[in-house]
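If you check TrEMBL, you get these features:
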- 28-50: transmembrane segment (TRANSMEM)
- 87-105: transmembrane segment (TRANSMEM)
- 117-135: transmembrane segment (TRANSMEM)
- 155-180: transmembrane segment (TRANSMEM)
- 292-320: transmembrane segment (TRANSMEM)
- 396-475: domain 'Cyclic nucleotide-binding' (DOMAIN)
Amino acid sequence: MALAVDPLFFYALSIGRGGSPCLYMDGGLAAIVTVIRTCLDAVHLFHLWLQFRLAYVSRESLVVGCGKLVWDARAIAAHYVRSVKGFWFDAFVVLPVPQVVFWLVVPKLIREEQIKLIMTILLLMFLFQFLPKVYHSISLMRRMQKVTGYIFGTIWWGFGLNLIAYFIASHVAGGCWYVLSIQRVASCLRQQCEQKASCNLSLSCSEEVCYQFLLPTGTVGNPCAGNSTTVMRKPLCLDVNGPFPYGIYKWALPVVSSRSVTVKILYPIFWGLMTLSTFGNDLEPTSHWLEVIFSICLVLSGLMLFTLLIGNIQVFLHAVMAKKRKMQLRCRDMEWWMKRRQLPSQLRQRVRHFEHQRWAMMGGEDEMELVKDLPEGLRRDIKRFLCLDLIKKVPLFHSLDDLILDNICDRVKPLVFSKDEKIIREGDPVHRVVFIVRGRVKSSQNLSKGMVATSILEPGGFFGDELLSWCLRRPFIDRLPASSATFTCIESTEAFGLDANHLRFITDHFRYKFANERLKRTARYYSSNWRTWAAVNIQLAWRRYMVRTSRPVNQVTENGDNDHRLRKYAAMFLSIRPHDHLE
């Protein structure tokens with residue numbers, strides 16, 4: 001903010017054009033800029049005061065360890081004062097040099113008509129304090145980045161920071177162009193006066209400090225409009241098509257004599273932005289040495305800013321678009337591979353649907369890769385936050401303590417399934433226990449005589465519980481258990497999966513918790529396989545009961561009753577009874 005305020009002092013100088021052109025200082029604009037600059041200096045002074053109370057890291061302690069903070073007030077003050085970039089540099093950039101120059105020096109020099117000296121002092125004053133202030137701001141941001149790890153939290157803040165820096169550079173270039181234009185107007189007035197036989201030239205207005213906002217535009221005897229000197233009938237020095245060679249300052253003539261503060265500020269900024277962006281291609285300087293040097297500085301500044309700032313903006317944009325570009329490349333490679341292998345259109349459509357779904361859900365990121373390199377405790381807490389509520393929805397884990405739940409949460413991984421995808425088929429080896437987070441899954445189990453038992457698993461449900469009995473079985477068998485049902489996604493589904501080797505590690509390490517009778521009964525009660533088997537037996541028993549009660553009592557014979565009982569037992573034995581080895 002302070003870097004953008006200092007160039008505003010330049011626009012306090014203006015040319016009056018009511019009579020003969022003359023120089024004056026706009027006191028209203030100068031007062032506003034002075035107040036803003038003083039407020040910013042007050043904030044900087046508070047920062048200066050705060051540095052005397054901020055602990056610092058002792059360099060001697062950095063030899064071993066991460067450093068030790070020094071809290072002693074005298075040591076902090078002595079360290080800050082002795083630092084090269086510390087107190088003295090911070091105090092230098094906050095000196096009220098522009099305020100002193102514009103309110104004490106400039107009015108006196110305007111009264112003495114020392115126009116060239118005014119411009120020299122202003123440019124030297126600006127460079128003398130503005131360039132150190134730029135270096136101070138860069139040092140402060142680097143210090144902030146060193147302490148916090150970043151300057152601003154997001155990529156878009158970095159993008160905006162580079163645009164602001166480019167805007168400030170254009171603001172500075174426009175301010176210098178404005179001041180040098182006033183000097184060229186003064187040179188034109190002197191040259192026009194020298195061509196006259198008798199000329200009483202007065203370059204200063206009747207009042208060197210004029211408050212324009214207190215005077216209406218048509219005020220008679222307006223001291224901001226001009227002076228009583230009559231050199232020419234028309235101000236040829238303010239004519240763009242006049243004979244005087246203005247070079248790169250030609251388009252500043254309507255600006256330096258304008259009474260609109262908005263025009264005086266915005267147009268030089270636009271000129272600076274246009275010149276820096278085009279590397280000075282539109283500049284047509286004269287042979288005046290100062291104008292040539294200024295043009296060279298503009299061209300070099302444009303090249304440097306384009307290389308640094310615009311280059312950084314391209315880096316930020318590339319970082320933003322990197323994920324999207326990565327997805328596009330992956331889709332292109334996938335399309336090439338499917339075409340090369342001549343996959344049928346149905347399989348191709350399923351692959352495309354899965355890739356789009358995975359991008360929509362995960363944003364192109366692998367959650368496990370993001371947290372993999374974090375400290376173990378932090379990673380455990382993150383995964384506990386993400387998975388604990390879901391794990392606790394599983395009745396099988398209600399009786400487990402927090403230590404076991406933490407180990408389960410630390411080992412689960414996110415899974416994404418597309419619509420109509422068969423997660424596992426009946427008879428396939430079960431590789432993991434799947435906990436459904438979002439979506440629905442249909443379970444299909446083949447029974448005797450071509451009958452199929454189906455059920456729907458909602459969010460919070462799970463399948464693959466065959467692995468639990470497999471892990472608890474003694475003696476242990478390495479062969480994975482077979483799935484007793486086929487599980488198909490009804491819609492796009494998100495889930496967490498616990499692999500077989502991780503579940504075996506947990507059951508082995510915490511076997512004392514998994515070997516109790518309550519857990520066995522809970523596992524059987526909530527198992528989809530046991531529930532299907534129980535439902536079949538209940539239906540058979542109910543049918544037998546209905547058949548037996550629908551006939552008269554005298555028609556029931558012993559042989560008939562035995563036949564029905566035999567059918568019942570045959571149906572029960574033909575139905576697939578789960579084997580969980582939890583006896």
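We number each residue from 1, going along the chain as drawn.
Note: Cβ is positioned from N, Cα and C throughout, glycine not excepted.
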* Structure fact -> Residues outside the transmembrane segment (87-105) whose C-beta sits under 8 Å from one of its C-beta atoms, at least 6 past its ends, are 6, 9, 12, 25, 30, 34, 37-38, 41, 44-45, 47-48, 51, 80-81, 121-122, 125-126, 128-129, 132-133, 136
* Asked: Could you count the residues of the domain 'Cyclic nucleotide-binding' (396-475) that DSSP puts in helix, in strand and in coil?
  -> 22 helix, 30 strand, 28 coil
* Long-range Cβ neighbours of the transmembrane segment (28-50) (under 8 Å; 6 or more residues past either end) -> 1-2, 5-6, 8-9, 11-12, 87, 90-91, 93-94, 96, 98-99, 102-103, 209, 211-214, 261
